[in-house]
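Dumping what Swiss-Prot says about this protein:
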type	residues	note
BINDING	Gly97, Gln98, Thr99, Gly100, Ala101, Gly102, Lys103, Ser104	ATP binding site
COMPBIAS	963-975	compositional bias 'Basic and acidic residues'
DOMAIN	3-351	domain 'Kinesin motor'
DOMAIN	499-565	domain 'FHA'
DOMAIN	1537-1635	domain 'PH'
MOD_RES	Thr1406	phosphothreonine
MOD_RES	Ser1416	phosphoserine
MOD_RES	Thr1419	phosphothreonine
Amino acid sequence: MSSVKVAVRVRPFNSREIARESKCIIEMAGATTAITNPKVPPNTSDSVKRFNFDYSYWSHDHHDADFSTQSMVYKDIGEEMLQHSFDGYNVCIFAYGQTGAGKSYTMMGRQEEQQEGIIPMICKDLFTRIQDTETDDLKYSVEVSYMEIYCERVRDLLNPKNKGNLRVREHPLLGPYVEDLSKLAVTDYQDIHDLIDEGNKARTVAATNMNETSSRSHAVFTIFFTQRRHDLMTNLTTEKVSKISLVDLAGSERADSTGAKGTRLKEGANINKSLTTLGKVISALAEVASKKKNTKKADFIPYRDSALTWLLRENLGGNSKTAMIAAISPADINYDETLSTLRYADRAKQIVCKAVVNEDANAKLIRELKEEIQKLRDLLKAEGIEVQEEDELTKSTVIKSPTKSRNRNGSTTEMAVDQLQASEKLIAELNETWEEKLKRTEEIRVQREAVFAEMGVAVKEDGITVGVFSPKKTPHLVNLNEDPNLSECLLYYIKEGLTRLGTHEANVPQDIQLSGSHILKEHCTFENKNSTVTLLPHKDAIIYVNGRKLVEPEVLKTGSRVILGKNHVFRFTNPEQARELRDKIETENEAENEVEKTDTQQVDWNFAQCELLEKQGIDLKAEMKKRLDNLEEQYKREKLQADQQFEEQRKTYEARIDALQKQVEEQSMTMSMYSSYSPEDFHQEEDVYTNPMYESCWTAREAGLAAWAFRKWRYHQFTSLRDDLWGNAIFLKEANAISVELKKKVQFQFTLLTDTLYSPLPPELASTVAPVHQEDEFGAPPVSKTLVAVEVTDTKNGATHHWSLEKLRQRLELMREMYHNEAEMSPTSPDYNVESLTGGDPFYDRFPWFRMVGRSFIYLSNLLYPVPLVHKVAIVNERGDVRGYLRIAVQPVLDEESIDFNNGVKQSARLVFNEDDAKPKYRALNEKDDVQRYIDNGGLDSKLEELEDVDSGRGIDSNSASECHENSEEPGEHLQVGKEFTFRVTVLQATGIGAEYADIFCQFNFLHRHEEAFSTEPVKNSASGAPLGFYHVQNITVPVTKSFIEYLKTQPIMFKIFGHYQTHPLHKDAKQDFVSRPPPRRMLPPSIPISQPVRSPKFGPLPCAPTSTVLAKHDVLVWFEICELAPNGEYVPSVVEHSDDLPCRGLFLLHQGIQRRIRITIVHEPTTEVKWKDINELVVGRIRNTPESSDEQDEDACVLSLGLFPGEALEVPGDDRSFYRFEAAWDSSLHNSALLNRVSQGGETIYITLSAYLELENCARPAIITKDLSMVIYGRDARTGPRSLKHLFSGQYRNPEANRLTGVYELALRRASEAGSPGVQRRQRRVLDTSSTYVRGEENLHGWRPRGDSLIFDHQWELEKLTRLEEVGRMRHLLLLRERLGMDTNPNPTTKTEKDVCNLAARAATSPVHMVIPQSPQTPVKDPQQIIPEREYNQREQDLMLKCLKLVQGRYTKSEANDTQTQSDVSPSDEGCADMTVSCISSNSMENNKFVIRRRLCSPDRADAPNGWEAPAPATQPALPLRLYVPELEEIRVSPVVARKGLLNVLEHGGSGWKKRWVIVRRPYVFIYRSEKDPVERAVLNLATAHVECSEDQAAMVKIPNTFSVVTKHRGYLLQTLGDKEVHDWLYAINPLLAGQIKSRLARRTLEPASQTASQIQATNAANANSASK
């Protein structure tokens, strides 16, 4: 056994590849061939693929030292295969590759010296060795056959009698063979050469007549080599028969590469069918070779799927020594075809052939054939058919018996006769002697020459052989073919007189016979008189001469191109005329004329076709112009009609608008009658503004509140931004799809741009934004508008641009035009100029050489004093990332100072500040109002400042920054108005700038004077990272004005740093490949989206979410159970495998084919606002095996509404919470889903979504509970249990109450009256999300999607980074200035405890509870003197205030009017006051609320309660009047991060005493479990609405150590840790700010001599504990 030898050969570039400037993607080193993917960036894993073969031939450039010639290929492959044939083996060499890859050149070669291919060289070498080794005892005989396979039809190329398609048969011993294929005997190499030449001529004639090319047909040249050796000792003659198969396959290119259509495409499909089958055979044989040898099952090899593979069966994995030559192209434009060829060759390496020596095959074969013939004769006789035998075995006559054959099976008889005739043909061929074979070969040759002569093909004078030669005198035609191998193979004489040309069907015999389409019976006549040939066309004959259609007779000149019909192309040559022209030119020494050029230049088939297109193009242009004129007229006519229709529609719509306007006015007049004012009060429009009754009567406080609300909502832009993203996503996808198809290497993606100091909008985008309004009368700063833009990443030029949405839509029109023009351009048409069609490429913009690295800002307030300062400021890019640092010195110039830098530049300038310059576009961030500060940080900033002022007593307090300005209220003498002031700005160094930038320079200017900028010289940036020294000194002289002084106080100077990249193109520009600081978790959207409710068949589509005022919010705990029918007839909850890492997640373990019920239990605190009436519907749908779901699955038939059982309110002993439970029967088979009907496969998880529609009292809509459940279905009798050992050993799954899944929901009750107001309807507008709309060519984007809502979150983080950087820069400047002025006189450094407090506060500020809107402005904190002093209120005052509060809220009832008991109620509208982050920070506010704590104590008769302490209890809720609400139930995705977990002693209001519970803190929720092993959440506390208290007064009152309380809106909890060291840890997990405050207070007391130490506090607590125990 031996493997197939595989060689790869790469050819040089052809003319087409050179014209397209193709690049070489093939590399060869030894036997390894590497191919580079031009579509993949270099230096990646997929860019280069390497293959190892037996031989790799580099024939790309003949100048290379490793160039492989034809002889080298033959020495490696041909000589080895020839030696195998002499050894008696079958041999096969086949060439594979796309058209034009060099297969025919490698196999056949050319006529020139050293250009022969493998077939001629192996034949020549064969006869050379025969002559050298032939003796009397060793005789050789050689026979050849030549066939062509085209469209699964086999054609004999050597015998003209075999005009039809030959039949492929199979014999048990011979295998597949071609019946009646000529096998001709040859005696020397010249015979083989002549046969190859004649076969090619026959192939050329047939291909021309049928409009074929050799690239679409397979050619198989077979040599039958027989060796007869006579042994003198035994007097026996042995034979060895070898079959040498040399195959030239058709082109293997894809159909889309050839551009074939119609019939050509069908032919190509048949050709590719053979090649496809060949590939299947190669792959199947490779898989068989790679499998283990002991496989019992026989592998199927699809040999019979095509004639080619069926004939080559023995050569592929059978009895043969096989070699494959893969011919490939080196050009990048043929990458796909070349890679496919290399993969085929790589698979072919694994094929194993089992070659054996073919010895003494004829004797055995003849014997078996005779036996088979005798059996067939007996069979025919049994059928009643007589067979007459003659002496010759080659002839038999079959006589059928009509009487008996009627009663027999006709098909069996015909098959037997067919087999008999085939076997007799084989016997006759085998018994034929060598002399008879030579005689038959000669007869076929004579017949072949007669056929050629009859067709008009020229023969030599002896009339014996056919050859290609150039006649000396006679004019002639030479054929031209698309395939160079078939060109100039046929020669037709033009005899003296008339030479007729037509088909063989003509009445008059034609001298030259052609066939094919568009050839008439009598097509034309050539008249030869005195060596002048005139072409006479017949009527309706299609004839072109030199590209012009011939209508009248024309004299042919030598070198003329003659096209007959559509397919037959010839070159006319008149030797006498050519000789006369040459002699005339030589004698007269004239210049070369056109005739000589035509005769001497290369004239081939391509030249003739191009000439035809060029000459016929004149008529085509005229026809095209006529067609364009018609289209233009049609366009004008249709446009006129469209304008008329549009005018009519406009008038119709205007009339409708007028009618609606009148209707609105009538309704307005009708409604005005109900007003308290008469209509005469506002007859005129301006009365609304001038009538005193419409003047505002607001107080100053009301006006301030209105302004606050206006400013607050003016900064909320998320909805409009999302609408822009959704609405324009389809345009972005279309632009990217067109870019990919046109190979523009341009990408488009959404981006958000905000006009800030660090990221000013480009001028073209700034013009699309409304002008920035200055601050209003209430001091509101200007709005920084955020807009949606398109980021254009030009990877070809390495540039990044920003387009507006309008510009994208305009450019998209040009892109569509370019795409249509590209699609309509013909492959043969000349390249068009893009600029001439569209005025420029719409994909590209001009880009500057220098790119912006970043910006920096330096404040100038040190010039007020005046003192010099040296700043080190960050260089920040537009995304808020620090790209380096800049050192700047700013100092006043009070006298003539000399600055000397070695390489520095010193310049001077003069500026003038006008009065308008005092109002800059941007405001400093420290001038934001406290209201917006509260919006941004959830009220933390003001409390943190208060904490720092009270607790620390030093550091940077709120007046730190203002002290500098207080000293500068009166400017010094150097800043007197009217005088000139000079200051110096020195750009020292830049550090930390990336090595990708070169030639760094700095440019700076005042914020309002962009046109007057100062620039440094460029500095070379080395990769060593050394600081870049600018040392640029700029003296600026300014006449002092009030605006200039104001600018020094508040505004900075802007520094811009530029540079350009080291390498080009700048493909890394858009990637921003540097380490960026990730946003905090609170800035990110939810990682797993909450599923939307399943659409109910009963309620229909869900209405829009209401946006009215939220009256109340409640935390709801929901338990989900899936019960299965047990053997005892009861429904038992199925086992739930709870997740340890993800809270409220679990996996239901179900059994197949068992009745089920879904049980849902709702748990919440008792309240009069939430009362469950009934369950309306429970819908289950979206059955899937992935966690993600889509709303499109609601349209499926798998959505099922379950049968319901009545809901019931439960009462749990010892638990006063509200419980509501309902069940529904679930027949999962009704979903008709295979996922639920069958047993789940290994590792498969099934997901469903259920939605419960519940009815509540006083609610206009149902409340919807939606939950995603995951499950695994086992067999009916399988034992289910947790798959994890932890849950299995715990045994909790045996407890029915543990087999439930928990969901945490937030129930929001909104006012229903506002649901239909016009303002709400406007806010509920829905914009269609076009990101999922299909765009043609979208599949080329490979899953790319436009960015959506996540872009808004990312942009918010970028803006927050910019905000922080600006604040830090300003504060660093103030600190540096204070230090320079010596104002920071505090000698005590900051203690470690105070640093811990700051860290705690910073961590709390980044809690997910609070959302930051960094772009909103802030104003200074209110003056502490304006804060109303706090006071103690007596009981009557407190009752009165609560009563007034209820009256304002509309919650006060008559029953409370006579109720003298005061109730401290925390209503839903008081959530802001009950916020733990607000009420738990200030110690003063805590002490003022002591009366609330004391009133929230339970009765003193509790035996188990601590002495003197009662559990904190909430106030009871007052009775609510009848009111309609709109409920919203939203599932809360609980954070997986555990802040603290452990055991706590819990005492709750209404409980029976202390209980030890397992508590887990997942902010902002606290979950309470029965024990550590309990997997179900039994209670939940919302820390966002809870009040945490831990003070010495409380500890002294309860007399129990290590306690703290958590008070919610509905109940209070007293929590006790198991150890005194755990108190701070639990407090830090629940409320970090309170823990930091207590720790800071304890640390501060250690520094005060009169304070009580921590040990004394512990001793006191211990004493109290002892007394309590006694």
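The backbone N, Cα and C atoms fix where each Cβ goes, glycine too.
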As a test of the contact definition, list every same-chain residue at least 6 positions from Lys103 (ATP binding site) whose Cβ is closer than 8 Å to its Cβ.
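Those within reach of Lys103 (ATP binding site), by Cβ under 8 Å and sequence separation of 6 or more, are Ala95, Tyr96, Gly97, Asp248, Leu249, Gly251, Ile325, Ala327.
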Is it possible to get the count of other C-beta atoms within 10 angstroms of the C-beta of Ser104 (ATP binding site)?
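A count of 23.
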Under the DSSP assignment, what numbers of helix, strand and coil residues are found in the domain 'PH' (1537-1635)?
23 helix, 39 strand, 37 coil
Report, as a single number, how many Cβ atoms besides its own are within 10 Å of the Cβ of Gly100 (ATP binding site).
20
If you count, for each of the binding-site residues Gln98, Ala101, Gly102, the other Cβ atoms lying within 10 Å of its Cβ, which residue has the minimum?
Gly102
Would you report the average pLDDT that the model assigns to the domain 'FHA' (499-565)?
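Across the domain 'FHA' (499-565), the average pLDDT comes out at 87.
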Using DSSP, tally how many residues of the domain 'FHA' (499-565) sit in helix, strand and coil.
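Across the domain 'FHA' (499-565), DSSP assigns the residues as follows: 0 helix, 31 strand, 36 coil.
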By Cβ count within 10 Å, point out the most packed of the binding-site residues listed: Gly97, Thr99.
Gly97
